[in-house]
Amino acid sequence: MALPSPPSAASASASAASAPASAGERWPPLESSPEVFNQFMWSLGVPEDEAEFHDVYGLDADALDMVPQPVLAVILCFPDPPQNESYTSDLRLSCGEKETQDQVYFIKQIESLGNACGTIALIHAVGNSSSGINLVENSCLDLFFKSTTSMDPYERALFLEKDDTMASAHSLAASAGVTELCDVVEEHYICFVAVNGTLIELDGMKDGPIKHGSSSSKSLLQDAVSVIKGIMHNIPDSINFNLMVLSRKQSNAGTTS
């Protein structure tokens, strides 16, 4: 099953699309393209020789084999699902899985963050790839993670909301895309990572991380694609899907376990 190649701009949800104008202006939608996400990520403190985003051009085995390894995170841009669609509680990380729960960096998306789901997905990708990425000391992301490590997901959202440096970088990245921005944005970003042997879905619009079975750094992309196929199946009337991976640069690939 092939993914469409045209880039798209994404928001949080239908409710976020109707967020106050100030939130929408401060956090406009990001175009789903490696060029935009790479420049954004590098400007925040991920060294260019550490990691970069790549497009995934299809979900078949041949297309996945072309994706640069190792994959640190998978980011999906897709149409907003129906508002009543939700995961059962048994898929959420429970208190009994505290070891995994403590290792997952998760941030909520609140209404005042407007269309910040692209930035939240990037934060989820980098924040859960700490063992594979060395941030520039005292860079925007370095200071953000140091400041929010002990916070809960909602407190992190409030911290992000007030982070002028992050908001400015987000706006600059949004203006760098080639897609014309519109008043109503109907796409959303989520992120998949492998933490403590578990495939984790990170969606700021949900109550917390979602578990999807076992996974590893080697099988992350294939495991995430299995879930993504299910998402696509549930939204059959749209072709607005775009898939990217965050991969470790080849020069540093040998340092990732």
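Placed from the backbone N, Cα and C atoms, the Cβ positions cover glycine too.
Taken from TrEMBL, the feature active site, nucleophile applies to Cys117. Of all Cβ atoms in the shown protein chains, 28 besides its own fall within 10 Å of the Cβ of Cys117 (active site, nucleophile).
A 10 Å cutoff on Cβ-Cβ distances gives His188 (active site, proton donor) a total of 26 other Cβ atoms nearby, all chains included. For His188, the entry in TrEMBL reads active site, proton donor.
Under the heading compositional bias 'Low complexity', TrEMBL lists 8-23.
Taken from TrEMBL, the feature domain 'UCH catalytic' covers 26-248.
The feature region 'Disordered' is assigned by TrEMBL to 1-29.
The site 'Transition state stabilizer' annotation in TrEMBL covers Gln109. Of all Cβ atoms in the shown protein chains, 27 besides its own fall within 10 Å of the Cβ of Gln109 (site 'Transition state stabilizer').
Among the features that TrEMBL reports, site 'Important for enzyme activity' is placed at Asp203. Its Cβ placed at the centre, Asp203 (site 'Important for enzyme activity') has 26 other Cβ atoms within 10 Å.
If you take the CA of Gln109 (site 'Transition state stabilizer') and look 10 A around it, the recorded positions you hit from Cys117, His188, Asp203 are Cys117, Asp203. Residue pair His188 (active site, proton donor) / Cys117 (active site, nucleophile) shows a Cα separation of 7 Å. Distance noted between the C-alpha atoms of Asp203 (site 'Important for enzyme activity') and Cys117 (active site, nucleophile) is 8 Å.
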